[in-house]
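What follows is a single structure, written as structure tokens, with notes after it.
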Amino acid sequence: MARSDDADSRAARWEKEAHDLSTQVAFLQEELALVRRKLTESPRHVRQLEERLAAAQAQLARLTENNERLVSTLKEARAQIVTLKEEIDRLAQPPSGYGIFLERHDDGTVDVFTGGRKLRVAVSPSLDVAELCRGQEVLLNDALNIVDAFGYERAGEVVMLKEVLAGPDGAPGDRALVVSHSDEERVVHLAETLIGAAIRAGDSLMIEPRSAYAYERIPKSEVEELVLEEVPDVDYTDIGGLHAQIEQIRDAVELPFLHADLFREHQLRPPKGILLYGPPGCGKTLIAKAVANSLAKKIAERRGEEKHTSYFLNIKGPELLNKYVGETERHIRLIFQRAREKAGEGTPVIVFFDEMDSVFRTRGSGVSSDVENTIVPQLLSEIDGVEGLENVIVIGASNREDMIDPAILRPGRLDVKIKIERPDAEAAKDIFSKYILSGLPLHPDDLAEHGGEPQATVAAMIDAVVLRMYSETEENRFLEVTYANGDKDVLYFKDFNSGAMIQNIVDRGKKMAIKEFLTSARKGLRLQHLLDACVDEFRENEDLPNTTNPDDWARISGKKGERIVYIRTLVSGGKGADAGRSIETASNTGQYL
């Protein structure tokens, strides 16, 4: 019985355990199914999580970008607020005035000129008072204190400097006497830029009338035309056919300059001036330029210097004339004043008046407006004033010396008178040799005729061209002139030849050689080119004598003597072959040589 109860209890326990186990198995099966289901669904869940994570990251980036944009916008807004505040503050500030700095004081204050008043004001600590210069423009605040400094005034009135007033104890002056356009004299202050500067009487200065300060030297064309310029590099060797005249001018100019002690020992006064007269185009201006260059070289050699310097005032007559009364005389004074300044430094100065007859005509002749009644005396006084200077000489050039006032030509003024003649045949050869050189491209045919020698070819060309120009043949007949006494004379082209015409002939020939090379590829200058150039030059000049007054034309051309009343051209086959006409002169004026 006991054994049966025990078995029942064990069976019941086993049954219970079996039930529990089956329950656990069922639970585990459910868990296993759940796990299997989760394992099946986990990749999709992971993808969803990844997608959500990516979306969250993208949203975070957008939010970050928006945040940065908002921060930047906020900064810009703050900057704009600050700028607008500064702009409002600036616009609300009272206006600032400008003034002219005058003088500084030991207590740190300065004097300024503003609004027509002279004030003593303070200076901002940010500015160095020692750096302020007289005449400088300064900025004043509402309390009229200097807060900034600028440059100098750049606009104002132009006046002429008459004199720089010396300072105490011979120090450089800081004031000047100036003359306005209304001839009103005024004393002005010189700005720092002009104190001690190389300004001289006659210079144009820019002033500010209210503050009475002169700021700047203004170059004016009417004055700068007369400024000394260094001599061009022209030597006597560049001039052909004028050996005798060059020797004369050397004796007149170089000897007194180079041997001044001998002249003083012999009590010989050097000439003050030279007149070069003769027909146009014969080298008067060229000689004047060569004089200064040669003189400077000789002085440099004598002093043992390498660099030679001289100055050449090339004054063309018509440039001096001015419609305002007294201006021409002022220009003449300015010319000689500049010459004296440079001559005082020991530098030779040549004052060259070209076309002298256009300004310094005979007084009282009635030929012009009689402006020479005051111009000629001004020149005479200046020439006489050059007497004490050892380094200035006046050279005048004219092709109508008979119209120059006799007082200028008398001894003691233009002492030496040198006639620059038209070149003869030998002189023409010399001039041609300056332009036709053996280094030029010569045509092979011409070279072959002279054994291939360039020198011989050039010499033959020159001889042939000069023979063509100077032969008294029918083709070279130019004019038949009739004088007032009834005499007639035939003039040839050689009677009107000049250095300028020779140069023009050579230039024409060279141009023909170039054109022939471009068309036929045959290079080189030929004799025929020069002969054709002679013909063209003659043809071009055949109409020139047909002027209103044949006698005046003849005098300008260098033909002096009996008055000419009739001119007839003799050029055959030209456009002026029948151009003869009779023209009576209005009056018998001038001195006939």
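Cβ coordinates are placed from backbone N, Cα and C, and glycine is handled just like the others.
According to Swiss-Prot, the protein has these features:
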type: COILED; residues: 5-94; note: coiled coil
type: BINDING; residues: G281, C282, G283, K284, T285, L286; note: ATP binding site
type: REGION; residues: 574-593; note: region 'Disordered'
type: COMPBIAS; residues: 584-593; note: compositional bias 'Polar residues'
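Here the features listed in Swiss-Prot are placed on the structure.
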residue	record	Cβ contacts under 8 Å, 6 or more apart
G281	ATP binding site	S498, G499, A500, M501
C282	ATP binding site	L242, I420, E421, R422, P423, S498, G499, A500
G283	ATP binding site	I239, G241, L242, I420, G499
K284	ATP binding site	L276, Y277, G278, D354, A397, I420
T285	ATP binding site	N314, F352, D354, A397
L286	ATP binding site	V234, D238, I239, G499
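Each of L276, G278, P280, I287, A397, I420, S498, G499, A500 belongs to the same chain as G281, C282, G283, K284, T285, L286, is absent from that list, and has a C-beta within 8 angstroms of the C-beta centroid marking the ATP site. In the three-state DSSP classification, T285 (ATP binding site) falls within a helix. The coiled coil (5-94) scores a mean pLDDT of 82 in the predicted structure.
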